[in-house]
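Chemist: Quick one: the structure is below, questions incoming.
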Amino acid sequence: MRIREALLTPVAFADPPLLNAMGVHEPYALRSVLRLVGEDGVTGLGESYGDEAFLTQARRVAEQLTGWDVFDLPGLRRTVERVVGETVYTDLHGLTGGFSTGKTLASVYSLFEVAALDAQGRLLGRPVCDLLGGRARDEVEFSAYLFYKYGAHLGAEADDWGEVLTPEALVGEARHMLDTYGFRSLKLKGGVLPPAQETEGIRALAAAFPGHPLRIDPNGAWKPGTAIEVARALDGVLEYLEDPTPGIAGMARVAEEAGMPLATNMCVVRFEDLEPAIRAKAVGVVLSDHHFWGGLRDTQALSVLCRSFGIGLSMHSNSHLGISLAAMVHVAAATPHLSYACDTHWPWKETDVIVPGALEFRDGAVRVPDGPGLGVELDEDALARAHEDYLRCGLRKRDDASYMRRYVGSFQPNTERW
Ligand SMILES: O=C([O-])C(=O)C[C@H](O)[C@@H](O)C(=O)[O-]
Ligand SMILES: [Mg+2]
């Protein structure tokens, strides 16, 4: 299948004021939607970041793809390498660790690889998970992704979730999410309140939902000594402790004292990071994310490496739409060594660009769609509306810290604050 055109559409969708170590989510989350249109009319779908710096690179690659055969993934890699060159794409939030040429190449390649696999599957009449080696599982389990949050965006009315800044409100948020989606594992995005208050939040969740695996992720907001104190306080309560402190050296110090495994999507974000992290015994779980680990096949390669070194695998999530969820479900289904329920921001959005129905949560899990390719269809009208929202909202890059300063004038990111 040769490509007639590659259409890249930036989109925006409403996002609540969710708090993290870098600030607060802006009223809209940005994404990009890719359509690879073949000469025979078959289309492959991809989804990734919507920041202008990412779009610039992805647009330059898209322009080079006329005539490219979607079964030629090495050719795609060469094109991405040629076009992106030494460029380092950065984001302002830094929630997925450092930046490098390799991570930029992996991120841009991933968008096109997913769309190519979708197109391949549609041509062959097989789901993407079959192209990745077949199903190790029929459904993929996800965790409830809990956030502290403000009740309303600046100048807007309160949203349905309301303000969540106390243990009681956190339990209420979790109950709503569990009732709606049936999740078992609960993940709290920390790094927002002083660690003692977040520890109290976890204790409240443990009391309200006995038997549910719990995690907390302060995105490196704690100093190693504080992280060790929290790890001791929550020993026997957490299934894993995610990025309590920045960097491999700091994580290794904490890991030595912590009773639970340490997980990361910040200090191991490229294949090159594995060797020093393994040597230092810094991490017990890596959170994969096909969007920056180089696509679905490299995510499987990461899984094999983790298995070889006795490291668990979980999955990271940013705000995303249905094409990304479908890709996550297919790669998770086709990856035997996946040790934990995956993260997803899914419950925090109200609109999408895909036709509803293909991806449903039951008992916290999503069944792998049976249709060809990713098994999801684009809703062209919804895509046009989401693009209109992108043009109207005026946001061109995610900047949680600047938005936070409009709530709290003196705010600085909480990295290693406590
Ligand atoms: O470390 C993580 O799990 C994340 O970075 C997930 C998301 O980016 C989340 O923190 C967010 O969007 O605020
Ligand atoms: Mg994380």
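Glycine is no exception: its Cβ is also placed from the backbone N, Cα and C atoms.
Quick paste of what TrEMBL says about this protein:
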type: ACT_SITE; residues: Lys189; note: active site, proton acceptor
type: ACT_SITE; residues: His316; note: active site, proton acceptor
type: DOMAIN; residues: 167-261; note: domain 'Mandelate racemase/muconate lactonizing enzyme C-terminal'
Chemist: Provide, as an integer number of angstrom, the distance between the C-alpha atoms of His316 (active site, proton acceptor) and Lys189 (active site, proton acceptor).
Modeler: 12
Chemist: Report the mean pLDDT of the predicted model across the domain 'Mandelate racemase/muconate lactonizing enzyme C-terminal' (167-261), rounded to a whole number.
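Modeler: Summing pLDDT over the domain 'Mandelate racemase/muconate lactonizing enzyme C-terminal' (167-261) and dividing by its length gives 98.
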Chemist: Please report the three-state DSSP label of His316 (active site, proton acceptor).
Modeler: coil
